Ligand SMILES: Nc1ncnc2c1ncn2[C@@H]1O[C@H](COP(=O)(O)OP(=O)(O)OP(=O)(O)O)[C@@H](O)[C@H]1O
Ligand SMILES: [Mg+2]
């Protein structure tokens with residue numbers, strides 16, 4: 001983080017987007033080139049070595065599969081997207097609430113926080129079948145699994161941020177008789193927001209994992225279910241097609257969170273500087 | 001505003017096994033200007049926080065007026081200037097000054113007192129800047145304005161002018177002296193600078209180190225108002241010399 005950020009972001013001039021786009025392009029083409037080479041080599045290798053199509057599908061077969069099953073893939077993507085987004089939003093509420101509670105009440109800090117940390121040794125993915133057992137084939141077990149996996153980085157980062165407050169500032173607040181709530185709201189929460197965003201970026205990727213695993217464990221739709229189902233049919237091309245859709249979904253959601261963070265930092269540049 | 005004095009008895013402070021202050025008594029008469037002068041690390045900042053009731057000593061008692069120091073805090077009588085500016089990074093200078101004032105319930109967030117305080121420290125032009133756009137000295141002056149805007153009965157200042165150049169420092173000293181003369185606040189002022197202590201104080205408390213204690217109290221009987229040209233007078237140099245002897249000799253003996 002630089003200490004020299006200007007007070008207001010410079011207005012976009014006509015030359016700025018072009019140059020930043022060029023910058024992007026110069027960074028983008030090397031990995032893109034490698035990707036193209038890999039895909040071509042993949043296609044050729046499968047042909048040359050005559051690998052049977054249920055072990056690995058060629059890129060062209062996967063592409064054909066995507067075109068043929070476009071509607072089904074979209075439907076399943078929509079199902080998974082809903083699970084991830086709702087689960088992520090609930091994770092934010094749970095994660096932030098826990099962080100605030102732990103920092104605000106000494107008792108909770110001592111009683112609950114160690115348990116939350118200890119709970120992280122449980123391989124939460126293994127909880128999926130239990131949640132299916134409890135909540136059936138509805139959306140609920142997916143949301144529960146996502147929250148269980150994704151709340152922790154949010155809580156952890158927010159607690160860190162809430163505790164990063166300037167000691168002298170706390171002293172000053174105390175000197176005018178501020179209540180703990182007032183200090184929390186006026187000083188600690190704003191200080192913690194850049195940390196919260198770091199937690200959100202981790203949480204969104206975990207949320208996608210949670211959704212897919214929950215769908216593996218028991219579901220009638222969603223991209224995870226589609227991968228699972230295709231595997232029972234030895235339909236490798238369909239498995240890869242669904243895999244690509246999950247990956248793109250994860251990427252899009254990750255950048256969406258990054259974009260919200262960017263908007264936030266642009267709107268409140270001085271808040272973003274708070275931890276300098 | 002009833003001005004109160006501070007009286008501390010038998011103050012001892014330890015951080016873990018480190019004894020910072022031992023068996024310390026100090027009186028700050030109502031409406032007086034009292035300085036704590038001493039070498040780095042002797043416990044001046046610690047003592048100042050204890051006197052303001054925002055740090056509880058390990059042993060001993062601090063009274064402000066007739067009540068325990070905590071009550072003066074609850075009554076929002078304490079204005080604090082710490083050694084570091086400790087500004088809120090996401091608020092402008094003006095918002096920083098206004099925040100504590102409004103929390104203390106001493107007026108609306110944006111009123112004249114806020115701008116007056118900034119004007120007093122010579123920062124009216126920088127009111128809308130954010131802390132990272134201020135120099136160290138400017139940030140410290142914002143923190144002084146923040147304390148002044150609270151209009152506290154007791155002003156506790158920890159090396160407030162330490163980060164300023166000599167010229168600004170002299171003019172801030174004069175400003176502070178005139179604020180004190182006009183408002184009759186009780187001021188406790190921490191400094192490394194002997195000249196500053198003599199110029200401003202009614203009483204200078206010289207502190208010794210290991211453990212922190214008061215080794216001498218000197219009353220400065222120079223007429224007020226004191227002007228900058230005082231600095232060259234024999235009277236002024238006399239006090240300075242005696243204070244310097246106090247500070248240097250015991251330290252050499254201790255080493
Ligand atoms: N919170 C703390 N925990 C542990 N030790 C502390 C703490 N605060 C102060 N001390 C110690 O107490 C001693 C006195 O510190 P203090 O800040 O009061 O000194 P000072 O006289 O203000 O020094 P300076 O002139 O350099 O500001 C130092 O040795 C310091 O290390
Ligand atoms: Mg100090």
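Glycine too: its Cβ is placed from the backbone N, Cα and C atoms.
Some features that TrEMBL has for this protein:
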| type | residues | note |
| --- | --- | --- |
| TRANSMEM | A:28-45 | transmembrane segment |
| DOMAIN | A:77-257 | domain 'ABC transmembrane type-1' |
| TRANSMEM | A:84-103 | transmembrane segment |
| TRANSMEM | A:115-137 | transmembrane segment |
| TRANSMEM | A:143-162 | transmembrane segment |
| TRANSMEM | A:195-217 | transmembrane segment |
| TRANSMEM | A:237-257 | transmembrane segment |
Item checked: the transmembrane segment (A:115-137) versus listed stretches A:84-103, A:195-217, A:237-257: most Cβ pairs under 8 Å -> A:195-217
Next item on the list: Tally Cβ pairs under 8 Å between the transmembrane segment (A:237-257) and each listed stretch (A:28-45, A:84-103, A:143-162), then give the stretch with the top tally.
Entry: A:84-103
Note to self: Which residues of the chain, 6 or more past the ends of the transmembrane segment (A:28-45), have a CB below 8 A from one of its CBs?
What the structure shows: 51, 58-60
Check: Can you name the far-off residues of the same chain, 6+ from the ends of the transmembrane segment (A:143-162), with a Cβ under 8 Å from a Cβ of it?
Finding: 83-84, 86-88, 90-92, 94-96, 98-100, 102-103, 113, 116, 119-120, 124-125, 127-128, 131, 135, 184, 188-189, 191-196, 198-200, 202-204, 206-207, 209-211, 213-214, 275
